[in-house]
Amino acid sequence: MAIIEEEEEERLLDHLPKTYTKGGLKTMPFIIVNETLEKVASYGLQPNMVIYLMKVYNLEIVTATSLLSMWSALSHGLALLGAFVSDSFLGRFTVVAIGSISSLFGMTILWLTTMVPQLRPSRCDHFEINECDRPTPAQLLVLLFSFGTIALGAGFVRPCSIAFGADQLDNKENPNNKRIMESYFNWYYATIGMSTLVATTLIVYIQDAFGWRIGFGIPAILMFFSVSAFLLGSSMYIKVSASESLFTGFFQVLVASVRKRNIDLHSVNCEDYYHQSSDSEIQALTSSFRCLNKACMIEDPERDINPDGFASNPWRLCSVEQVVSLKSLLRVVPMWSSNIMVQLSLNQFSFATLQTKTMDRHIFSDIEIPAGSFSVFMVITLVMWIAFYDRVLVPIKARYTGQPGGLSPVLRMGIGLVLSAAAMVLSAITEGIRRGIAIDQKDPQDGPNINMSAMWFVPQYVLLGLADAFNAIGLVEFLYSELPKSMSSFVVAIFTLGMSVSGFFGSVLVNVVDIVTSYGGGVSWLSSNINNGHLDYYYWLLAFLNVVNFLYFLLIICRYNRHEKEVKEKQCEYSTQRA
């Protein structure tokens, strides 16, 4: 009896370090400080970067904007790589640590470009960029390398940091676990909002007031503290080991389907041949993307299934749950793709920074807003609308309709698309007025002396903030409701991929517009001298594309509703056949 008690005591002691001495609220300062400082540092570099590339590296506006779009696309696209490496190989702690160090390394190199003359072209005092020295291939390589390492860091930190923090607090045995997790997510996103505000105001102001050396040096120093804070808490973290990733499961379904492409699904009694994992809650497959059903079809039970019930070769036989997960992902792709145009509209900061830089940015006689800080109005609108919607509109709707919850995700997405188109129309009108005033004043250069207040740009930022609040949050809620619970952690990666695609599409679009509009020696709409160009035409083009995107969205809704009805009917028929 004493031996049994000793063994039980040892078992409890072995369990204590994992549950009680590691993780918990004491790890939150290290994790949140790491994520907050990383966002302040990286976001603080972006608003004025177009000016840095044009004034220091003597790049044309199209080249600079295209480069920044690709940088944004890479930062968001690498989030998929970060999630895959974390889930499949290294675990979240190691990936966040690697990402933080990579960001620090990249920011340090970028900082060095402001201090080492050999890393950038010679200073040019001419207004026309064509008369200035271009950066050498070596100088461009250093710049691009810094962008790449910063993007790699962002791609590794952002998708894993929030989940790593949740690992420290998630305790299913705690009756207050749900409340703790909700509180954590609220505080986490609150700190992200605050860090964005600091980045787009304080850091941008420092760059304008004290120059690039200090303006880029502070983000590098903040990133150093971010890395230090995260590594300092290493001994206290719960470090969940890597497991099989959803990405791997998707590839397995595709490979297994191709291997079994010659199987005729109509010639067999399918319900007897589907492989279902023991812990799966899914009981039936649908007829959509029916070719994928072959991936979970058992051809030879003795060869395909191990004695423990698992597939002997997961690249030849998948579970029903894997197939349904991939099908669910493919079904939401059309709705997800409608968000790309909204993200593209949100990413016009480079042009807006150059526009507001030519205008009167004073609020009062002694207070001037930096040109790169006007996006703060979009962030403020986003935060204020979310609070108003959640605390005021939703309760009012519940009181008068008797139905809890707010507007449907699809309706919110549609409202966001309309607001995005309206914002681009307003941007085109405002730029037309600004350009007309500049020409009337006979100001061929982009000097800050146009007799027009930059506050005229605030309404379009407000509309963009509302568009983001409606469309992005509606899309995330839609994805959570449509995808299986096993894919809930995949939602952020899907949304981030949309931001990445919008960055690539934005880069292609500005280059195409520049080439087409300057064909035959004409002045490009996207001329580096924005008073000579026609940014207003470019915004009208974006408005038109937003309208087309909204019509595409309406078509998706019609097809989606019909498809949903057909699937339900066939599921019912399938269930009847099984019965």
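Even glycines carry a Cβ here, placed using N, Cα and C.
Bear in mind that TrEMBL entries carry predicted annotations, made automatically and left uncurated.
Summarising the annotation, TrEMBL assigns transmembrane segment to 61-84 (among others).
According to TrEMBL, the feature transmembrane segment maps to 90-113 (among others). Here the transmembrane segment (90-113) has Cβ contacts under 8 Å with residues 34, 38, 41-42, 45, 56, 82, 119-120, 142-143, 145-157, 160-161, 163-164, 167, 213, 216-217, 219-220, 223-224, 226-227, 230-231, 234, 237, 239-242 of the same chain, all six or more residues outside its ends.
What TrEMBL lists as transmembrane segment is 140-166 (among others).
With a cut-off of 8 Å between Cβ atoms, the residues of this chain six or more beyond the transmembrane segment (186-206) that come close are 28, 32, 35-37, 39-45, 47-48, 162, 165, 214-215, 218-219, 370, 372-373, 375-376, 379-380, 383. What TrEMBL lists as transmembrane segment is 186-206 (among others).
Residues 18, 22-23, 26-27, 29-31, 33-38, 40-42, 44-45, 93, 96-97, 100-101, 103-104, 107-108, 110-111, 164, 167-168, 203, 206 of the same chain lie 6 or more positions beyond the ends of the transmembrane segment (218-238) yet place their CB under 8 Å from a CB of it. What TrEMBL records for 218-238 (among others) is transmembrane segment.
Positions annotated as transmembrane segment by TrEMBL: 369-389 (among others). Beyond its flanks by at least six residues, the transmembrane segment (369-389) meets 47-48, 51, 193, 196-197, 200-201, 204-205, 207-208, 346, 349, 352-354, 356-357, 361-363, 406, 454, 457-458, 461-462, 464-466, 468-469, 473 of its own chain at Cβ-Cβ distances under 8 Å.
Residues or ranges marked as transmembrane segment in TrEMBL: 410-429 (among others). Beyond the transmembrane segment (410-429), the same-chain residues lying 6 or more positions past its ends with a Cβ under 8 Å from any Cβ of the stretch are 335, 338-339, 341-342, 345-346, 348, 352, 459-460, 463-464, 466-475, 477-478, 536-537, 539-540, 542-543, 546-547, 549-550, 553-554, 557.
Look at TrEMBL and you will find 492-517 (among others) tagged as transmembrane segment.
Annotation source TrEMBL lists transmembrane segment at 537-558 (among others).
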